[in-house]
Amino acid sequence: MADSRDPASDQMKHWKEQRAAQKADVLTTGAGNPVGDKLNVITVGPRGPLLVQDVVFTDEMAHFDRERIPERVVHAKGAGAFGYFEVTHDITKYSKAKVFEHIGKKTPIAVRFSTVAGESGSADTVRDPRGFAVKFYTEDGNWDLVGNNTPIFFIRDPLLFPSFIHSQKRNPQTHLKDPDMVWDFWSLRPESLHQVSFLFSDRGIPDGHRHMNGYGSHTFKLVNANGEAVYCKFHYKTDQGIKNLSVEDAARLSQEDPDYGIRDLFNAIATEKYPSWTFYIQVMTFNQAETFPFNPFDLTKVWPHKDYPLIPVGKLVLNRNPVNYFAEVEQIAFDPSNMPPGIEASPDKMLQGRLFAYPDTHRHRLGPNYLHIPVNCPYRARVANYQRDGPMCMQDNQGGAPNYYPNSFGAPEQQPSALEHSTQCSGEVQRFNTASDDNVTQVRAFYVNVLNEEQRKRLCENIAGHLKDAQIFIQKKAVKNFTEVHPDYGSRIQALLDKYNAEKPKNAIHTFVQSGSHLAAREKANL
């Protein structure tokens, strides 16, 4: 019904209403030349060929041919919004970062939510981790906290990342999603058990983007004004409450409204129901890290809250929708290596790998000057360096300033106060195999202590419902891993698989076929 349309559906109506007092703009080419006729090409006579001189046509088509840019290799489907971060608690004893400077300070932010494995046209309601990336526009440059909706990940070594993503994408020959690929990789890498268990729990399908938590996931380092450092983890917990979709509702929405998450976020902000998240940190001293029972930089594990409680910091609030999706969401580029003074990287191997991979893929997808794009530009800091030229240089290229360092002409100077915190590091240089690290203790705690009986039942049903489509030998490897977590975990999944495997395949697809003679008669009638 027209009178029940939501703000997202009425976007063009609202755009027109906002411009009601204005005359329509003059239609132009990309170069600003007025266009006299946008409906008809120039031809020799009404039936003749086109003329090369029809620059209105060539301008239009040449741009159309180049509208698409490379899709993100992961996190292709996403929604974005803008707002602010406000400090509510003092953590300057941990970090000198200006974003945390004083209680009440507000910093502009941009946020992008996303699924991971699907293409840009895929459904928002699939079972998949969600990206939750936050860009803080600070006076010391941008800080990009490129997180997910889970505090852990599938792997702990970045060398495995391309293979992991390949296993979640499409088969290189059939171009179909392949359960053999997915479960073969997971079953061969038992460090994935923690994230797999989280993924197939109720939280594996969040109800849109507003009702899920976010996590920096990695271990980071905070440095205060005295040069003292601690390790930390970032958490941002939804103020809307956790809500998840049932398998049935998710499947229905994937057909009826595959952009459900984008629509829900847009409409909430458009109706001034601004979503917010409370921002926390966990802190671990260097001495605590030395005596920690496992590697504190292992991305497949969490820091227990009873030992490292959440410390409140502030609020993330989203109060503006994108003005243009391509300009502000498709082109936004998050980079974990964007860290202002007071926030630094830890030895977390996965974080170290991302420090290179993210800016590298942005230079491929958006070009070497992607930081000139307005949504990526650190507009609250003055950029002054010795980088010049390159495709799509959209600013003044730093004018006549020297492009070499050192120099004697008063060009930008290094700032000792921005030096990274010094750390000691020693050990043999080699490739360390961490596959046999403890992969089950925290998963067992999640299964036994975090989930209740109904949640455990749904977890096992969800896993078996997906694993059943993999080959039997892969099923056995996966069940062996789940059994090592807890015998009940493995036995429940195996019992469900036995039931699936005993059933004969059913063809549930109903088709409607027209006879050849009927089609021939229709064709003859159209002559």
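The count begins at 1 with the first shown residue.
Glycine is no exception: its Cβ is also placed from the backbone N, Cα and C atoms.
Here Swiss-Prot flags A2 as N-acetylalanine, drawing on similarity to another entry.
Residues annotated as phosphoserine in Swiss-Prot: S9 (among others). According to DSSP, S9 (phosphoserine) sits in a coil region rather than a helix or strand.
Annotation for K13 (N6-succinyllysine): no same-chain Cβ neighbours under 8 Å separated by at least 6 residues are found. What Swiss-Prot lists as N6-succinyllysine is K13 (among others).
All protein chains included, H75 (active site) registers 22 other Cβ atoms within 10 Å of its own Cβ. Feature annotation from Swiss-Prot assigns active site to H75 (among others).
Over all protein chains present, the Cβ of N148 (active site) has 22 other Cβ atoms lying within 10 Å. DSSP assigns N148 (active site) to a strand. Feature annotation from Swiss-Prot assigns active site to N148 (among others).
DSSP assigns R203 (NADP(+) binding site) to a helix. Here the Cβ of R203 (NADP(+) binding site) has 18 other Cβ atoms within 10 Å, regardless of which shown protein chain they belong to. The annotation NADP(+) binding site is assigned in Swiss-Prot to H194, S201, R203, N213, K237, W303, H305, K306 on the grounds of similarity to another entry.
Every protein chain considered, the tally of other Cβ atoms within 10 Å of the Cβ of K221 (N6-succinyllysine) stands at 21. Look at Swiss-Prot and you will find K221 (among others) tagged as N6-succinyllysine.
For the recorded site, K306 (NADP(+) binding site), the DSSP three-state label reads coil. If you draw a 10 Å sphere around the CB of K306 (NADP(+) binding site), it holds 6 other CB atoms from the protein chains shown. Residues or ranges marked as N6-succinyllysine by Swiss-Prot: K306 (among others).
Summarising the annotation, Swiss-Prot assigns heme binding site to Y358 and lists similarity to another entry as the type of evidence. In the three-state DSSP scheme, Y358 (heme binding site) falls into the helix class.
According to DSSP, S417 (phosphoserine) sits within a helical segment. Residues or ranges marked as phosphoserine in Swiss-Prot: S417 (among others).
For S422 (phosphoserine), other Cβ atoms within 10 Å of its Cβ number 7. In the three-state DSSP assignment, the secondary structure recorded for S422 (phosphoserine) is coil. Marked as phosphoserine by Swiss-Prot: S422 (among others).
Positions annotated as N6-acetyllysine by Swiss-Prot: K480 (among others). Note on K480 (N6-acetyllysine): other Cβ atoms within 10 Å of its Cβ, all shown chains, come to 13. Under DSSP, K480 (N6-acetyllysine) is assigned to a helix (H, G or I) in the three-state scheme.
What Swiss-Prot lists as N6-succinyllysine is K480 (among others).
If you look up Swiss-Prot, you'll see T511 marked as phosphothreonine. The C-beta environment of T511 (phosphothreonine), restricted to residues of the same chain at least 6 apart in sequence and closer than 8 Å, is empty.
If you look up Swiss-Prot, you'll see S515 (among others) marked as phosphoserine.
The phosphoserine feature in Swiss-Prot is assigned to S517 (among others).
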**Fill in**
Densest Cβ environment (other Cβ within 10 Å) across the recorded positions S9, S201 belongs to S201
**Distance from Y358 (heme binding site) back to S417 (phosphoserine), taken between C-alpha atoms, in Å** = 26
**Fill in**
Quick tally, other C-beta within 10 angstroms, N213, S417; top of the recorded positions is N213
**Asked** For the NADP(+) binding residues given in the record (H194, S201, R203, N213, K237, W303, H305, K306), what is the largest pairwise C-alpha separation in angstrom?
**Response** 23
**Request:** By Cβ count within 10 Å, point out the most packed of the binding-site residues listed: H194, K237, H305.
**Result:** H194
